[in-house]
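Participant: I have a structure I would like to understand better, so I am pasting it below and will then ask my questions one at a time.
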Amino acid sequence: MENKSIIVVSFILLPLLFTIASAQTRLRPDFYRTTCPNVESIVRSAVQTKFQQTFVTAPGTLRLFFHDCFVRGCDASVMLTGNGNAEKDHADDISLAGDGFDTVIKAKAALDSNPQCRNKVSCADILALATRDVVALTGGPNYRVELGRRDGRISTKASVENQLPHPDFNLDQLNSMFARHGLTQTDMIALSGAHTLGFSHCGRFSNRIYNFSPRRKIDPTLNFAYALQLRQMCPRNVDPRIAINMDPTTPRTFDNVYYKNLQQGKGLFTSDQILFTDRRSRNTVKLFASNNGAFQNAFVAAITKLGRAGVLTGNQGEIRRDCTQPN
């Protein structure tokens, strides 16, 4: 009976493992070596210019990459417009910062101004490169990016449903969702560290500071002093456009302080704080909190794996001439 169970599990996992391994062999850092050899420096320059104009470039681009890869794979489908029925029109994507989209569009324009590179580089690859660049610009690791993705032609609001993690997720829900993309619990915890940058609208966590339960207004896993600060920044009936930093300590630096905050009960979302309150993930949080190098290495490994999720390669998809429209 035990052997049968192992066989069944193997058949379930094999297709996923094959897909990930296949993507790994089809993507490579030097994919544009002959068609657009300066792709990385051109994109990096455009991203740096955009970053100098507004810091939101960093968290906006990073979040855009995650949301793209979690829905239909890393195919830049999140960038397509579709008369109110595209991925970015879904409630889970509506708060994606315009500066993230603009970063990719500006980098695409910079590539197209080079005759050798015009319409040679996919929007999906531009987004992957720009994501690496904003991580590096904010003090994070400068890692190699696998390239060779093609752009998807389909983007629907319905495809986003139940594909993105929510602020109230527990550890099992997080692990289950990340596992769909071949990501382990350690990968998930490392990628959650991206919350060291960026901001959240008050409505995403207001239940934790006002209406946690009939007996407790404030979530007991939330640092009480921090909860009172959050109440000051997010009073009841606050303007829904108001947003606050996800990392109250070093919100503009890509570092491991996010994990130190979790140890102090300063995870903004339930899905952040659960990483420390759940014993199954606590030791990994402790490791990353005490060792920035361990966090950065794990983040690079995880975001590289995420970048292989559901990719289109070879003759699949297309190289979009306009990142917001299929050809």
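Please read every residue number as a count from 1 along the shown chain.
Using N, Cα and C of the backbone, Cβ positions are placed for all residues, glycine too.
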Participant: Of Cys36, Cys69, which cysteine does TrEMBL list as the disulfide partner of Cys74?
Facilitator: Cys69
Participant: So, in TrEMBL, which cysteine from Cys234, Cys323 is disulfide-paired with Cys123?
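Facilitator: Of the listed candidates, TrEMBL names Cys323 as the partner.
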Participant: If you have TrEMBL open, could you say which of Cys117, Cys234 makes the disulfide with Cys202?
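Facilitator: Recorded disulfide partner of Cys202 in TrEMBL: Cys234.
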Participant: Can you tell me the CA-to-CA distance separating Gly73 (Ca(2+) 1 binding site) and His67 (active site, proton acceptor), as a whole number of Å?
Facilitator: 9
Participant: Relative to the mean position of the Cβ atoms of Asp68, Val71, Gly73, Asp75, Ser77, Glu87, the recorded Ca(2+) 1 site, which additional same-chain residues have Cβ within 8 Å?
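Facilitator: Result: His67, Cys69, Phe70, Arg72, Cys74, Ala76, Val78, Gly152, Ser155, Ser159, Gly310.
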Participant: If you average per-residue pLDDT over the domain 'Plant heme peroxidase family profile' (26-327), what number do you get?
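Facilitator: Here the mean pLDDT over the domain 'Plant heme peroxidase family profile' (26-327) amounts to 96.
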